[in-house]
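Take a look at the structure below.
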Amino acid sequence: MREKYLGHVMLVLAPLFDNFFLYTINDIPAAAMLNFAWEGALLLIICEIFIRIEALPLIYRCTLEFLIVNQIPPLVYFVLPGKYHAMSATHFTFASIIDVTLGTLLMFAVANVYVNFLTKQYEELRMARYDVSHDGLTNLLNYDSFHSHMNELSQKSSRHQIICILDIDDFKKFNDTYGHLEGNDVLVYFTKRLFAEVKAHFGELASVYRFGGEEFCVSVHGVTVEDCLEMTDKLAEELRTKDYVTATGDKITVTFSGGIALGCDKKDIKTVLREADKALYYSKRHKKGSVTCAKDLEKKSTDTDMPLSY
């Protein structure tokens, strides 16, 4: 917005500076400068009005502003005394005003075509990038995005970085019972609630990814493990109080298991990810519907080794 105001100020000051130059070479009397002062003020007011018409496309607002800027100066000459009125009658005729108007419209017509072309290209590029980085079903960031995120994190300390992996319980059984289309709807149902809880608790500090299938990951920086556990507890409570309803009217309580790991200076981010994955595996194997912290596994002797694909 600041840049728009600056552009408008420069726009309305242009004729004032032009005529001040004419004044310095004795081509315009000092009294005439008052006319250009109120001309600039009037243009500024008009531009201020147009900038607030948000419903009007920017290209149309610019066209109207330039038309006004191009047409008001001739009108100022008409109110000047003596030879300046005569000059206006000679140089600023009705035909010249029409020419200026048509020229301005033509200029912005060409500019509009070009801007639309650039906008379309930008939108296509933006959508292409979005499709590459996001999951098509849930609109969450995909595993490729997570892999890029991991590469960035690997270049610095994992201190205060938390990885939380969540997996919907018995999802394969649900798919076998109700079909894959219904399964997709469950994924979307779960995603909406997961994303809402993550953003409500962590805002821009966290990113949510879909690894594939029914597995999701939350990467968050600058919070505690307890904060993450509070978020997963809220999510579990939300799912318990609002059952998923199938197309046939069956009510299903969706549950999930999870694993959380906290980074530190002595661990790289891949180690943190493996610890979170082991914690998830422990939850799935020993207590579905729960979330296990990796630090708690250090106190357990249970073998939780599992081949990893990360």
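Quick reminder: no glycine exception, Cβ is built from N, Cα and C everywhere.
Remember, predicted model here, so these are calculated numbers, not experimental data.
Here is what TrEMBL says about this protein:
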- 5-25: transmembrane segment (TRANSMEM)
- 31-51: transmembrane segment (TRANSMEM)
- 58-80: transmembrane segment (TRANSMEM)
- 92-117: transmembrane segment (TRANSMEM)
- 159-296: domain 'GGDEF' (DOMAIN)
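The residues of the domain 'GGDEF' (159-296), classed with DSSP into helix (H, G, I), strand (E, B) and coil, number 72 helix, 36 strand, 30 coil. A mean pLDDT of 93 is what the model gives for the domain 'GGDEF' (159-296).
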